[in-house]
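So that you can see what the record holds, here are the features copied from TrEMBL:
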TRANSMEM  6-28  transmembrane segment
TRANSMEM  40-60  transmembrane segment
TRANSMEM  66-88  transmembrane segment
TRANSMEM  95-112  transmembrane segment
TRANSMEM  124-146  transmembrane segment
TRANSMEM  158-179  transmembrane segment
TRANSMEM  185-206  transmembrane segment
Amino acid sequence: MTLAYDSVLATTAVISTVFQFLSGTVICRKYIQKKSTGESSGVPFICGFLSCSFWLRYGVLTNEQSIVMVNMIGSTLFLIYTLVYYVFTVNKRAYVKQFAIVLAILIAVIVYTNSLQDDPQKMIHLTGIVCCIVTVCFFAAPLTSLVHVIRVKNSESLPLPLIATSFFVSLQWLIYGILISDSFIQIPNFLGCLLSLLQLGLFVLYPPRSYSYSGQGYKLLEQAVPF
């Protein structure tokens, strides 16, 4: 029975996470329409690619098919978003440099962990730690929004639907991590749940004076923390 729960939960978590990753298409569509990236940064796309790539590696090492599937899709989508941003940004050289640094980190970690093949558990453990660190670092973008909300005492700048979705997605993966006894899946998604709850709490403490979706497009990706 537990195995059946695992399978159902993994399937729903993969589907909901992929839909969350697809929020990047909204941003890229605006880039294509305006033929410019404007003032926005492409760093979240690069970080998303890095995070999904590490989790894909972790899924392969642990033979967790749901982790492999969701992060294979995620890394592909974020790579596409990265390419779209590159096409329309005026700071191509700086963006290539940022992507090269991330790619170098990814390759370095893979090469080093491959040298630990004689000790598979250490290989998995180290990869899991890297995945957690990268995912937790990705939380920095939404945290900057929280500081702004507390300062102006108004939550209208936060994307409520996506925050609720993020909580739901993180909760699914947290429960899945508990069911399969994987602390590396539990930790980042527990923090993701806390972050989402904190943001939802701000809607109660500082109700929006008015709510508009204009200008919220880029926040979609910041909230869609890669698994």
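Keep in mind that glycine also has a Cβ here, set from the backbone N, Cα and C atoms.
Sequence-distant contacts of the transmembrane segment (95-112) (same chain, six or more residues past either end, CB-CB distance under 8 Å): 42-43, 46-47, 49-50, 53-54, 57, 82, 85-86, 89, 126-127, 130. Counting Cβ pairs under 8 Å to the transmembrane segment (158-179), the stretch among 6-28, 40-60, 185-206 with the most such contacts is 185-206.
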